[in-house]
Amino acid sequence: MKQYLDFMRHVYEHGTEKSDRTGTGTRSVFGYQMRFDLNEGFPVVTTKKLHLKSIIHELLWFLQGSTNIKYLKDNGVTIWDEWADANGELGPIYGYQWRAWPTPDGRHIDQITEVVQQIRDNPDSRRLIVSAWNVGEIPQMKLPPCHAFFQFYVADGKLSCQLYQRSADIFLGVPFNIASYALLTHMIAQQCDLGVGDFVWTGGDCHIYSNHFEQVETQLSREPMKLPTLRIKHRPDSIFDYKYDDFELVGYESHPAIKAPVAV
């Protein structure tokens, strides 16, 4: 994950000081891209330990179409707690938009089901897209989508994915997002009888919070380790039937975790 460290270093050394919604303050650049060949290892940060349980359960929760944190809480995942209301509700966020995008005539579109079917039936389509950025429902969301839009691409029997992330918390958020969408790409590739190609991460406002500077310096001082490989233990009937125990990262070694506050 040298690419990630190069990205972090670039923003830390060359970013512009900016204010932000949370009042924390950031150092930021606009526009950055990283490309990861998923055949060279699973792109998980090794210069600090990631909570893989949270990454996997969050993705499974998105795929359920859920907007309530109960599933996450039941599985020991707390990453959405700060934004949920007293009943655990978050409004029409990622999972709802992925699985039940509302139409003007009262129907709902399951974007995940549709994109998987399109990949199978028309892999050369340039419309293999899922969007969470529903302008009409943003006011009802506790947190508007940071990773807002993703597109698939099939070539030479391999599935690639590109994510556009409008707001990128480089220290805390981006490592989760890279791993999550790489995992989703592997899952959909398996469901569509394809190999994996590249995961392309594209960021808009790419920032380091001012209260993460010390942690960033620590992380930049560490040498990355060899990437692990992802093992999916079996193929379920659909993209929605994967379970936490279906996934194993083989050979994952990392430096110790680095704690940092979340800007809410």
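Cβ coordinates come from backbone N, Cα and C, glycine included.
Residues or ranges marked as dUMP binding site in Swiss-Prot (evidence: sequence analysis): R21, R126, R127, R166, S167, A168, D169, N177, H207, I208, Y209. As annotated by Swiss-Prot, (6R)-5,10-methylene-5,6,7,8-tetrahydrofolate binding site applies to H51, D169, A263, with the evidence given as sequence analysis. The active site, nucleophile annotation in Swiss-Prot covers C146, and the record cites sequence analysis as its basis.
Locations of recorded Swiss-Prot features on the structure.
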| residue | record | Cβ neighbours (10 Å) |
| --- | --- | --- |
| R21 | dUMP binding site | 8 |
| H51 | (6R)-5,10-methylene-5,6,7,8-tetrahydrofolate binding site | 15 |
| R127 | dUMP binding site | 10 |
| C146 | active site, nucleophile | 18 |
| S167 | dUMP binding site | 19 |
| D169 | dUMP binding site | 22 |
| H207 | dUMP binding site | 27 |
| Y209 | dUMP binding site | 23 |
| A263 | (6R)-5,10-methylene-5,6,7,8-tetrahydrofolate binding site | 20 |
As a whole number of Å, the Cα atom of H207 (dUMP binding site) is distant from the Cα atom of A263 ((6R)-5,10-methylene-5,6,7,8-tetrahydrofolate binding site) by 12
Within 10 Å of A263 ((6R)-5,10-methylene-5,6,7,8-tetrahydrofolate binding site) (Cα-Cα), which of the recorded positions R127, C146, S167, D169, Y209? D169, Y209
C146 (active site, nucleophile) versus D169 (dUMP binding site) - Cα distance in angstrom: 9
Largest pairwise Cα distance, Å, within the listed (6R)-5,10-methylene-5,6,7,8-tetrahydrofolate binders H51, D169, A263? 18
Rounded Cα distance, in Å, between R21 (dUMP binding site) and the residue listed as 'active site, nucleophile' is 13
Filter the binding-site residues H51, R127, Y209 down to those whose C-alpha lies within 10 angstroms of the C-alpha of the residue listed as 'active site, nucleophile'; answer none if the list is empty. none
Pairwise CA distance, R127 (dUMP binding site) versus H51 ((6R)-5,10-methylene-5,6,7,8-tetrahydrofolate binding site), rounded so that it is a whole Å: 33
